[in-house]
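S.K.: Have a look at this one.
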Amino acid sequence: NDSACTVDSYGLSCFSPASVPQLTNSPTLIVMVGLPARGKTYISKKLSRYLNWIGVPTKVFNLGQYRREAVQSYKNFEFFRPDNEEAMQIRRACATNALEDVVIYFSKEHGQVAVFDATNTTRERRISIVSFSKEKGYKVFFVESICDDPNIIAQNITEVKVSSPDYVNCDKDEAQADFLKRIECYKQTYVPLDDEKDRHLSYIKIFNVGSRYLVNRVQDHIQSRIVYYLMNIHVTPRSIFLSRHGESELNLLGRIGGDSGLSPRGHKYATALGGFIKGQHIKDLKVWTSHMKRTIQTAEHLGIPYEQWKALNEIDAGVCEELTYEDIQENHPEEFALRDQDKYRYRYPKGESYEDLVHRLEPVIMELERQENVLVVCHQAVMRCLLAYLLDKTADELPYLKCPLHTVLKLTPVAYGCRVEHICLNIEAVNTHRERPGNVDITRNPEEALKTIPDHF
Amino acid sequence: PPTLPKFLWCLSCLSPASVPQFTNSPTLIVMVGLPARGKTYISKKLTRYLNWIGVPTKVFNLGQYRREVQSYKSFEFFRPDNEEAMQIRKACASNALKDVVIYFSKEHGQVAVFDATNTTRERRVSIVSFAKEKGYKVFFVESICDDPDIIAQNIADVKVSSPDYLNCDKEEALADFLKRIECYKQTYVPLDDEKDRRLSYIKIFNVGSRYLVNCVRDHIQSRIVYYLMNIHVTPRSIYLSRHGESNMNLLGRIGGDSGLSPRGHKYATALGTFIKSQHIKDLKVWTSHMKRTIQTAEHLGIPYEQWKALNEIDAGVCEEMTYEEIQDNHPEEFALRDQDKYRYRYPKGESYEDLVHRLEPVIMELERQENVLVVCHQAVMRCLLAYLLDKTSDELPYLKCPLHTALKLTPVAYGCKVEHVFLNIEAVNTHRERPGNVDVSRDPEEALKTIPDHF
């Protein structure tokens, strides 16, 4: 593949080597707007995680971090008073530095989207960002979060502000009180995006954590996807449970793929999973499986209605379906090595790559965002992809994430990330995890190729 | 189980042993807006999209109900002080909603689009009560437009040719219609930010430069919003073509990843010439990841993008076989496919239904784009064509998409104008009609009766 290939959004991939790349995709600068504690950083991080996962290189530039580097120790809210000239200079310099780093990210680090996570609450600041972008040829998309519900704001402050580096030496109440005064400083000069004056800008306004949205002038595909994503996420507390099917007959034989049923131990796990789920007393749990027997048989033991998604089917190993690793080494030694060289992008002949899997799982992720409590009963490669999305793992890490059989993962969003609990249900199973071997060269000998394969019958 | 509604594209079948876990409330989409604001355009397009992705949807157009009981004389019918007309109009609305109930309860409908002005608060309040009583979800789509050019264009495109104005000349029709709009304006109350904050709706301003979205309640509403935010009305054309004839085509083999035959290369060159002659502004060219579409696009001399989603239907165990071989090796599968070609899935392969699902993002991007040429495959082209021309899932797998023929589709009024452009390069026929006997007990001759010739 030609190095001029860019993977834009999930349906588009690579240009013909003989063609001029026809989209010199302008990079996109997403500009957050809103008072403190309106969820800007939460949205910035979540959106970046999503865009990176679907293959759009994205990075967050958080102004607070630049400020903390410039002003080593935070004293109090007075720094943010609009009449504090000295602080204003520092804050402007920080914004300039952040934008300089954005330029480097786009021009030298192959970045496609940058999220400028700052309050950007004055018209003056936003105008200067728009000029800067125009001059550089970047598209600008504003994301404004407007919230006047004091409960939501208090909740935000408790969750992420009082534990911020700014308040390391304060007790909770002091931190809370100071932060509220900080918000007041910003309120004095806050001018929201205006229906009339800003009608030529591209933006989405999010009201009260998503009950309402105003979308203006979406310019292109990536902005349309961003809007769709932002309109589907929510902050209602919930948990996502991920599990593979119970051990299957093919697992026992060390064979990949196929559509076999559960082994006796696999059935035991499914029963144990049912017991575990009941014990969790989960409200309105949705259960999803693939179309393959082994996940369906697993879900059957739960005694809860479940939905089958073809998109959750295991990665298609094409010509290697139902082979053992030894078979693959014997019949397709070169392919086996190529896969070890780039496990994320490698596509089995007549099959799929992890990259393809991510593309087909995107609607699952979108629906997972819309839902609340969900248990996904799936497969090793599929689970790795979902986990990489939920835990912000890179494409390099993704194909080697450990997703053992007979272990449930409980993921609960907390603050800016996800808390993970591993629950091994104590039913023995084979190991199906193959680490990357030392030698990935196509000239390697069979022992080197097969060094890391797990045991099987 | 065939009786379960196939609701959303990624959810399929429930375990026979499980209780169906969602008794999905049907959704009533209620259009809101003055005349000539694109309500019928949106209603029809949205319905076409939802049906294509597998959500049974139907439009209930109040104008049609009114035309059935009353022949149109003039705008006076729509005067707010015309009591007699008001009675008739209210009765029509009742009848339309009664038909909605029948559609949902007896015809397996999932979404109904109530295409009427619904411009008064009173009317909308009564619809919401009706829906609540029946257990239907309600989603409003309001179209607001104050650009006189757009409105004049709409009137010229679809109103002056409406059945209401059969016996009028264009000028008369236009004048009357403008007065009709004035009648509605007097009592129009748009959805209100404050008073209607608990309703689920999208407001579309000036054909999509701006949207206000409030209280999206579920997956289908979210998909509807996404779709509505991606469509546009800028004039453009969509060109569909299969790859040039391939070496496998010559041998009567399905699937595979072969290159073009000599005639196929000729076609690709001819296609390039044709495209140039059309002088298309900013044409985007899309191909699949398969050699035969890429080789075809190479001759065009225009940059192109490859989409894996445009790959031909995966025939699984039947890949690269001739129909004779399929009959020989998998006679039962062959018959099952003829029984239900849309839903039949090749073992280890795909169905047309699966294809539609994987093509949905292509359709979404096609909506966003302007001039596009899609170089694809027979089954893929059938799916895209079915979407663009509103064909049913029964018709879809039998749509004629011959080699070496480009289709130019241009949106016009409420539909699409189609031009078939045969580029005069001979090719094999790859179209197999449904044979008379689709029973698994049929003999080989009956199965192979309709297969096209090959080398």
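Placed from the backbone N, Cα and C atoms, the Cβ positions cover glycine too.
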S.K.: Among B:R210, B:R217, B:R223, B:R292, which is the one TrEMBL gives for the substrate site where B:R242, B:H243, B:G244, B:E245, B:S246, B:N247, B:M248, B:N249 also bind?
M.R.: B:R292
S.K.: Among B:R242, B:H243, B:G244, B:E245, B:S246, B:N247, B:M248, B:N249, B:R292, the annotated substrate contacts, find the widest CA pair distance and round it to a whole Å.
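M.R.: Greatest Cα-Cα span of the listed binding residues: 14 Å.
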S.K.: From the Cα of B:E312 (active site, proton donor/acceptor) across to the Cα of B:R242 (substrate binding site), what is the distance in angstrom?
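M.R.: So the Cα of B:E312 (active site, proton donor/acceptor) lies 10 Å away from that of B:R242 (substrate binding site).
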S.K.: What other residues of the same chain, not counting B:R242, B:H243, B:G244, B:E245, B:S246, B:N247, B:M248, B:N249, B:R292, have a CB atom within 8 A of the CB centroid of the substrate site?
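M.R.: Once B:R242, B:H243, B:G244, B:E245, B:S246, B:N247, B:M248, B:N249, B:R292 are set aside, the remaining close residues are B:S258, B:G259, B:L260, B:S261, B:G264, B:L403.
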S.K.: Non-local Cβ contacts of B:S246 (substrate binding site) (under 8 Å, 6 or more apart, same chain)?
M.R.: B:S258, B:G259, B:L260, B:S261, B:G264, B:R292
S.K.: When DSSP states are folded down to helix, strand and coil, where does B:S246 (substrate binding site) land?
M.R.: strand
S.K.: Cα distance, B:H243 (active site, tele-phosphohistidine intermediate) to B:E312 (active site, proton donor/acceptor), nearest Å?
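M.R.: On Cα coordinates alone, these residues lie 11 Å apart.
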S.K.: Can you tell me the three-state DSSP label for B:R292 (substrate binding site)?
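M.R.: Going by the DSSP assignment, B:R292 (substrate binding site) falls within a helical segment, counted as helix.
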S.K.: Give me the non-local Cβ neighbours of B:G244 (substrate binding site): same chain, 6+ apart in sequence, Cβ-Cβ under 8 Å, ordered along the sequence.
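M.R.: Those within reach of B:G244 (substrate binding site), by Cβ under 8 Å and sequence separation of 6 or more, are B:L260, B:S261, B:R263, B:G264, B:H265, B:K266, B:Y267, B:A268, B:L271, B:R292, B:Q295, B:T296, B:L403, B:H404, B:I425, B:A427.
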